[in-house]
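Engineer: What TrEMBL shows for this protein is this:
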type	residues	note
BINDING	Pro92, Leu93, Ala94, Arg95, Gly96, Leu97, Gly98, Ser99, Ser100, Ala101, Thr102	ATP binding site
DOMAIN	63-145	domain 'GHMP kinase N-terminal'
DOMAIN	218-283	domain 'GHMP kinase C-terminal'
Amino acid sequence: MSLVSCVTVTVPATTANLGPGFDCIGAALTLYNEFKFTRLDKGEVTISVTGAEAEKVQTDESNLVYQAFVTFYQHLQQTPPPVKIEIGMDVPLARGLGSSATAIVGGLVGANLLAGEPLSQSQVMELAIAMEGHPDNVVPALLGGCRLAATTDTVWEICEIPWHNHLLPVVAIPDFELSTKQARQVLPTQVSRADAIFNTAHFGLLLRGLETANSNWLKAALQDKLHQPYRKALIPGYDAVNSAALSKGAYGMVISGAGPTLLALTDELHSQAVATAMGAAWKLEGITAIVRSLCLDTQGASSTIQA
Ligand SMILES: Nc1ncnc2c1ncn2[C@@H]1O[C@H](COP(=O)(O)OP(=O)(O)OP(=O)(O)O)[C@@H](O)[C@H]1O
Ligand SMILES: N[C@@H](CCO)C(=O)O
């Protein structure tokens, strides 16, 4: 078997939760990070980063892409080979768009390809979920589309959720970070039965709303009682941006992942006006935000092998 010496892996950003689907649903978006792995004959790992916010990413062995690369070889009980990793960043860091999931999936997929693919896609997925701690970013980052993940005692069941082709996500990405760790610390460890029932009902409605683009269902479905009411306080301007999105015809707005990016679900007719209004509302609050009208990525992680 001739070993691959160089591979480039492209991984999409993801939005997790979609309102009521806390820690179990996520969708891949058309915004990407790129990871190039070159096997070296000898020497140490070298890591370089280019693109948006490149200067914020560690280039030593604590780099998350390298950590994933090492985790893969540890899983096989092998020593990782010396490698050059080149990272091209377009997914902003710690903004709720799954940057850490791109790094984990990129590192694992790259390592698997360099090693001649000893692991199946579902084995790679399980390693990725274990590293991230929850499935809702890494699963769509790996597989693409909108995905629901549920675990039994032993396995993960992954289900593709139909996404109506009229639905467009608009993201407003503010210029401040919110780490997932910090955004999880504000959540209660126990919730009331009423809140659990509220989320169960709204999650069911969300699945049917995503499938049909039924506007009444979607408007109601994006509400949640498990995380957003607690996290709103960490996102100045949340109410103003929400009102702006709704006033321009969005079905609704949610916190993307752990935030602080806010994501409106809309359609082609309204997406431009919704994006402009969300950016303007944040500007009035003194916060600069980049707004982007995206689509659902259906491919997930993809790779190009250079022999
Ligand atoms: N391309 C990358 N290369 C290396 N490390 C990265 C990369 N992207 C993200 N990370 C690491 O992941 C951290 C951000 O992870 P965090 O979970 O806080 O936010 P997120 O994944 O962007 O948001 P969310 O999980 O809410 O979608 C960064 O601080 C960095 O350590
Ligand atoms: N489900 C996770 C996604 C962010 O990693 C959360 O909301 O904390």
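Placement of Cβ uses the backbone N, Cα and C atoms for every residue, glycine included.
In TrEMBL, annotation is done automatically, which means it is predicted and not curated.
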Engineer: Starting from the Cβ of Pro92 (ATP binding site), draw a 10 Å sphere and report how many other Cβ atoms land inside it.
Structural biologist: 21
Engineer: Taking the Cβ of Gly98 (ATP binding site) as the centre, how many other Cβ atoms fall within a 10 Å radius?
Structural biologist: 33
Engineer: For the domain 'GHMP kinase C-terminal' (218-283), report the average pLDDT of the model, please.
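Structural biologist: Its mean pLDDT is 97.
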Engineer: Which binding-site residues from the set Pro92, Gly96, Ser100 have a C-beta atom lying less than 6 Å away from ligand 1?
Structural biologist: Gly96, Ser100
Engineer: Under DSSP, the domain 'GHMP kinase N-terminal' (63-145) has how many residues in helix, strand and coil?
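Structural biologist: For that range the per-state counts are 46 helix, 7 strand, 30 coil.
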Engineer: Counting only residues 6+ apart in the same chain, whose Cβ is under 8 Å from the Cβ of Ser100 (ATP binding site)?
Structural biologist: Leu64, Glu132, Asn137, Thr180
Engineer: Apart from Pro92, Leu93, Ala94, Arg95, Gly96, Leu97, Gly98, Ser99, Ser100, Ala101, Thr102, which residues in this chain have a Cβ no more than 8 Å from the mean position of the Cβ atoms of those residues at the ATP site?
Structural biologist: Ala13, Val91, Gly257
